[in-house]
Structures are given as structure tokens and as C-alpha cells.
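Novice: According to TrEMBL, the protein has these features:
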type: TRANSMEM; residues: A:12-34; note: transmembrane segment
type: TRANSMEM; residues: A:54-72; note: transmembrane segment
type: TRANSMEM; residues: A:79-99; note: transmembrane segment
type: TRANSMEM; residues: A:105-124; note: transmembrane segment
type: TRANSMEM; residues: A:188-206; note: transmembrane segment
type: TRANSMEM; residues: A:236-259; note: transmembrane segment
type: TRANSMEM; residues: A:271-296; note: transmembrane segment
type: TRANSMEM; residues: A:316-338; note: transmembrane segment
Amino acid sequence: MSKRWISLLIPVVSIILGLLIGAIVMLATGFNPVDGYIALVNGMVGDSYNLGETIRTITPYVFAGLAVAFAFRTGLFNIGVEGQLIMGWLAAAYVGYAFDLPPVLHVIVAILAAAIAGGLWAFIPGLLKAKLQVHEVIVTIMMNYIALHVVNATIDTLSDGKEKTETIHTSASLGSEFLQSLTDYSRLHWGFAVALLAVLVMWFILEKTTRGYELKAVGFNQNAAEYSGMNVSKNIILAMVISGMFAGIGGAMEALGTFGNIMKMTAFSGIGFDGIAVALLGANQPLGVLFGAILFGALKNGGLNMPNEAGVPVEIVSIVIALIIFFVASGYLIQLILNKLVKKDTKTPKVDKKNVKGEK
Amino acid sequence: MVTDTGGIDDRSFNQSTWEGIEEFAKENNMTRGDGGYDYLQSAKDSDFETNIKNLVRRDFDLVFAVGFKLQDAVKTVATQQKNAKLAIIDEVVPDLDNVTSIMFKANEASYLAGVAAALESKTGKVGFIGGMEGDVIGGFQAGFQAGVAAADPKVKVDVQYAGSFGDAAKGQAIAKRMFDGGADIIFHAAGGTGNGLFTEAKERKKKDPKANVWAIGVDRDQYDEGKVGDTNIVMTSVLKRVDIAAKDVSKLTKDGKFPGGETITYGLKDKGVDLADSHGAISDKTMKKVDEFKAKIVAGEIEVPEKPAKK
């Protein structure tokens with residue numbers, strides 16, 4: 001087996017393993033795994049409606065994944081994507097209903113506002129890290145809670161005690177009747193195009209610009225970067241801000257696409273935290289993040305159909321989905337095992353030859 | 001039926017709605033699944049619309065959306081699918097012929113809870129734990145405060161919001177602070193957060209069986225949550241009979257009289273809200289007073305405020 005085969009085999013084997021263990025869990029709890037998985041696939045791509053909803057679910061995951069991955073690539077752990085995302089959500093929703101602008105411009109302004117809000121929220125941990133060496137993990141985690149309550153309080157003020165903000169004007173909406181008619185009234189919106197664009201942008205920044213090279217260099221080795229004349233603290237702050245901007249735009253997808261407003265949240269949306277897993281699944285590469293987000297979004301949306309079609313309760317669905325992701329994420333383990341197997345394969349004939357020679 | 005993020009076994013109004021539907025199904029010999037009755041749980045806010053649509057696409061005659069958070073999703077689905085019949089609980093979706101809105105005057109029953117708490121309090125201080133600030137929980141708070149003030153203006157009400165319906169640890173911390181601060185009866189309208197109140201009160205009762213701590217439950221009769229040995233720390237519960245409402249609307253729909261476009265409000269008058277049996281925790285004297293106030297509210301002599309006074 002060549003190396004190439006192995007790298008193709010790993011994701012396939014991981015997914016099959018995940019599905020198998022998931023099937024065992026379903027069997028053990030008294031549900032039919034075949035029905036369950038058919039329902040899962042139907043929920044992902046079964047008809048145009050489900051396909052549309054799946055793409056819609058994937059969209060914010062792409063941004064959350066990119067945000068985490070961008071920070072990782074520059075040596076930072078941004079656990080605050082969740083907070084930056086809901087700040088961006090709020091900003092986009094506010095611009096969406098409070099401003100009156102022409103159609104396309106309105107969307108762009110709202111998305112920019114979300115990027116700025118997310119960027120600002122990430123600026124604080126970036127600054128603290130760069131100037132005072134406060135660890136960004138702690139700060140970003142705490143900033144999540146601050147964001148949650150700031151957002152709830154702001155909604156309360158903006159809406160005069162209501163549960164949500166006004167709905168955005170249609171000029172700010174990413175939704176499109178064309179996409180809805182294609183997908184039987186799903187909430188599919190143009191955000192997926194923005195997400196694809198963002199994947200390109202991240203690749204471009206990191207691989208094609210001097211600034212991107214500097215950011216990565218600081219991530220690899222701060223001392224070396226400083227020695228070669230780079231401004232380390234500036235680059236740390238910039239990396240956090242760009243990461244936060246991706247997260248903020250992810251929030252804008254929810255504000256301008258899925259919901260059209262922002263509701264008071266009793267708990268985190270979870271998108272930002274899932275973004276960590278998405279980034280790791282994608283090995284922190286822009287294209288990898290896209291695939292990670294597709295896997296995550298498809299499983300999440302398909303999972304909704306399992307209780308609906310096969311009667312599998314949500315708790316079991318969560319376990320099955322977690323197992324699949326677990327095995328995909330532990331691809332390294334499977335690679336190790338496969339490598340061992342291959343080595344054995346190549347060793348065995350040699351030993352045989354020796355034996356043959358010895359016999360002679 | 002589609003739940004909000006509280007889940008089907010929230011010991012509160014999701015569960016209560018489901019119980020009403022189950023009861024209706026039993027009476028009509030329906031089975032769980034297609035052509036009968038079923039529920040879907042929502043884990044995230046973005047699941048609401050998908051879940052409602054999934055049920056509509058399975059041709060259920062009537063889909064209940066439980067909770068004010070589902071308002072937008074109900075509105076969207078109802079606009080797109082004119083043949084779907086939807087009912088939303090705790091929120092009004094106006095101007096749509098295929099949506100019934102079911103509301104509860106929880107403030108009326110909370111008023112009675114306030115009266116009972118004020119008269120039973122030995123320390124002259126009672127507490128209120130809210131989930132999220134807003135119109136819905138504001139109604140509970142307003143009713144409770146007004147009830148306390150009407151029964152005994154000297155009794156103080158300590159109000160605090162947890163900012164969550166699912167944070168039992170926070171509920172316990174707030175309850176601890178309130179009990180330490182001298183409150184002896186605490187009313188919660190905070191869903192799962194309120195479970196922390198029961199935990200705190202039970203722990204105090206366990207340590208000292210003579211401890212004077214009481215909790216007032218919400219939505220369902222929460223008497224079972226308050227057992228400590230032979231005693232119980234649940235004084236009563238403010239009932240929101242979502243089950244009755246769900247059954248009523250199901251029955252109307254079956255008879256071809258689906259009240260589309262209407263808002264049905266359940267109050268003390270039609271027993272849609274009430275106080276639960278106190279199992280002797282409330283003295284007869286207080287009960288008499290409570291019944292007096294109840295009669296006055298039903299007769300329309302007392303108008304219970306819906307919004308708490310601004311601080």
C-alpha cells in the first residue's frame with residue numbers, strides 16, 4: 001500500500017468506524033441503526049429542502065472554523081469565537097434594522113459592522129496578550145460570558161424589554177426567494193457564497209501576503225520573529241482581530257440569513273465552540289476547515305431528522321454524531337495503526353527471504 | 001408538538017403540553033407516530049423552524065409550538081404553508097388564519113401565590129427568582145409582588161433574575177443568598193434554574209428539620225420535587241394548565257372548529273391557571289384569604305398588573 005492510498009483510506013476508515021460504533025449504540029438502546037442512518041442521510045440530502053437547510057447549517061460553522069484556525073496558525077488559541085460571533089450577530093442585526101440603505105450596500109455594511117464588532121471583541125484579549133502576557137485562553141473564555149450578557153442586556157434596551165430585536169429590513173437580508181424556491185422554502189441564503197469567499201480570503205492572507213507570512217512566523221517562534229525584525233505584539237493583536245472578524249461575520253450569517261434578528265440567549269449558540277472541532281478536523285487549513293464544517297453541519301442538520309423519521313431520541317443522536325466526529329478527529333490514531341500494518345507487510349517478506357537463504 | 005430548548009422532560013410546560021396531547025390521544029385511541037401524535041425536541045434556536053416544518057410535512061393536523069421563542073418560526077411556516085394548522089403557547093402570532101395563540105394569565109395565579117407567601121412569611125421577607133427578564137416572566141413577578149403588597153404591604157420582596165432557564169447552580173446560589181438574607185419563602189419562575197431553589201431549600205431542611213424554608217413551584221405541581229423525608233418544602237405551585245389548553249385546542253381541531261387567527265387566554269376564571277394543593281403547608285386562615293382574593297379576581301374586581309413596576 002502506498003502512502004497515497006493510506007491518506008485516502010484514513011477518513012474513510014474513520015467514518016466507517018464511527019458509523020459502526022454509532023450503530024452499536026443504537027442497537028444497544030433498542031433502535032434500528034439502518035433506519036437511523038437512512039434518516040440521517042435523508043436529513044442531510046434527502047430532498048431539496050433538507051439540502052438547503054444543511055448548507056445553511058454549514059455556513060456559520062465555516063466562519064467559526066476559520067476564526068479558530070486562523071488563530072491557531074498564528075500560535076494563538078482563540079476560545080472566544082463564540083463571544084465574538086454573538087457580538088457580530090448583534091451588530092449585524094442592529095445595522096440591519098436601524099439603518100436605511102440600498103439593497104446590496106446594506107448587506108455589506110451590516111457584514112462589515114459584524115466584522116468590526118467581532119474584531120473589537122477579539123482585540124481586547126489580543127492586546128492583553130501582547131502587552132501584558134495574559135494568556136488568551138482565559139481571557140477569551142471569560143469574554144464569552146461577558147458577550148452573552150452584554151448582548152442580552154443590549155437586546156433588552158434596544159427592544160424595550162422584549163425578547164428579540166426588530167426584524168432586519170429586506171435590503172439587509174441575505175435570504176433570497178430564488179434560493180428558497182429552489183429548496184422548497186428552506187432558509188438557505190447567500191451566506192454560503194460569502195463563506196466560500198472567506199475560505200479564499202484566509203488562504204490568500206496566510207499564503208500570499210507578507211503580513212500573513214509574518215503572522216505565521218510569530219506563531220512558529222516569537223523570539224525568532226522578533227530577532228528578524230518583526231513587531232511581535234502588533235502581529236499578535238492583528239491575528240486576534242482578524243480571527244475575531246471571521247467569527248463576527250459568522251454571526252452576521254445568523255442575523256442576516258437564518259433568523260433576521262437576534263433573540264435573548266439563555267445559553268451559548270455552541271457554534272463558536274464547535275468551531276474549535278471544525279478547525280482541528282480541517283487541520284487548520286482553509287480548505288480543510290470547509291470540509292470540517294460540511295461534515296459538522298451535515299451531521300447536525302441530518303441528525304434532526306433521526307427523531308423525526310426513525311424515532312431515535314435526540315440524546316442518542318448526539319452520541320452517534322459525537323462518535324462519528326470523534327473517530328474522524330482521531331484519524332491520526334488510525335494512521336498510526338495503518339502504518340504499523342503496512343510496515344509489518346513490508347517486513348514479513350524480508351524475514352521470509354532470510355529464512356529461505358538460511359535454509360539453503 | 002415541537003419543544004423549545006428546555007426539552008420534553010423539563011418538568012415544566014413542554015412536559016405539560018405533551019401530557020395534554022397524550023391524554024387527548026388516549027381518549028381518541030391514537031398511536032405514536034405518523035397519523036397519530038409525536039413530538040420533536042429542539043436543541044438550538046435554529047432547530048425550531050426545521051422541526052415545525054418536518055411535522056407539517058408529515059401531515060399532522062395540528063402542530064403545537066411550545067414557548068415564546070418559537071414565534072418567528074411559527075410565523076414563517078404559517079405564511080408559507082397555508083394548509084398547516086399551528087398553535088403557539090405563551091406568545092401571540094397575530095393576523096394569520098392558520099395559527100392559534102394560547103396565552104395564560106400567569107400573573108393572576110402568581111398574585112395568589114404572593115398573597116399566600118405574604119401571610120405565611122414569618123420573617124416578613126419573601127423572594128422571587130426569575131429566569132429571563134421579559135414580558136412572560138415579568139407577568140409572574142408583577143403578579144407576585146402585587147399579591148404580596150395587597151395581603152401585607154410590610155412584607156418585602158427580594159427579586160433577582162438568573163439570566164437563564166437552565167442553570168440550576170445559579171438558581172441555588174441565588175436561593176442561598178435570599179435565605180441568608182432573611183427570606184423564608186421563595187417563588188421561582190425560572191424553569192430548570194428553579195431546581196437549584198429546591199436543592200438549596202431541601203439541604204437546609206435536611207440539616208435542620210425545623211428550618212423555616214419554603215419554595216413555591218411553577219407551571220406544574222412541583223410537590224414531588226420538594227420531598228425531604230416525611231416533610232416537603234414546596235408550599236404550593238403556580239399552575240399553568242398547558243395540558244388543559246393543549247387538550248382543548250386538539251379537541252376543537254378534531255371537531256373541525258380549529259380556532260385559527262384567535263388568541264385564547266386562560267386565566268383563573270377558566271381554571272387555566274391556579275394554585276396547586278398545598279398539602280397542608282398553607283394554613284386554613286391564609287387559604288380563606290387566598291380564596292377571597294381569587295373570587296375578586298374572577299369577578300373582575302381586582303385587576304392584576306401584567307408588568308412589574310419600573311425600578
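Glycine too: its Cβ is placed from the backbone N, Cα and C atoms.
Help me picture these features in the structure, burial and contacts included.
Specialist: For the transmembrane segment (A:12-34), the list of distant contacts is 310-312, 316, 319-321, 323-328, 330-331, 334, 338: same-chain residues at least six beyond its ends, Cβ to Cβ under 8 Å.
Sequence-distant neighbours of the transmembrane segment (A:54-72) (same chain, 6+ residues past either end, Cβ-Cβ under 8 Å): 43-45, 78, 81, 84-85, 118, 186-189, 191-192, 194-195, 198-199, 202, 206, 239-240, 242-244, 246-247, 249-251, 253-254, 257-258, 271-272, 274-276, 278-279, 282, 284-286, 288-290, 292-294, 296-298, 300-302.
Tertiary proximity for the transmembrane segment (A:79-99) is limited to same-chain residues at least six positions away from its ends with a CB under 8 Å from its CB atoms, namely 60, 63-64, 67-68, 106, 109-111, 113-122, 125, 136-137, 139-141, 143-148, 150-151, 154-155, 158, 165-169, 172-173, 243-244, 247-252, 254-256, 259-262, 265, 268-273, 275-276.
Residues 67, 78, 80, 83-85, 87-92, 94-96, 99, 139-140, 143, 147, 168-169, 171-174, 194, 237, 240-252, 255-256 of the same chain, all 6+ positions outside the transmembrane segment (A:105-124), place their C-beta atoms under 8 angstroms from a C-beta of that stretch.
Through the fold, the transmembrane segment (A:236-259) approaches residues 56, 59-60, 62-64, 66-68, 70-71, 74-76, 78, 80-81, 84-93, 96, 107, 110-111, 113-123, 125-127, 129-130, 136, 168, 172-175, 187, 189-191, 194-195, 198, 202, 205, 211, 215, 218-219, 269, 271-272, 275 of its own chain, all at least 6 residues removed from its boundaries and within a Cβ separation under 8 Å.
Panel annotation: around the transmembrane segment (A:271-296), residues 58, 60-69, 72-73, 79-86, 144, 195-196, 199-200, 202-203, 206, 247, 250, 254, 325, 328-329 of the same chain, lying at least six beyond its termini, place a Cβ under 8 Å from a Cβ of the stretch.
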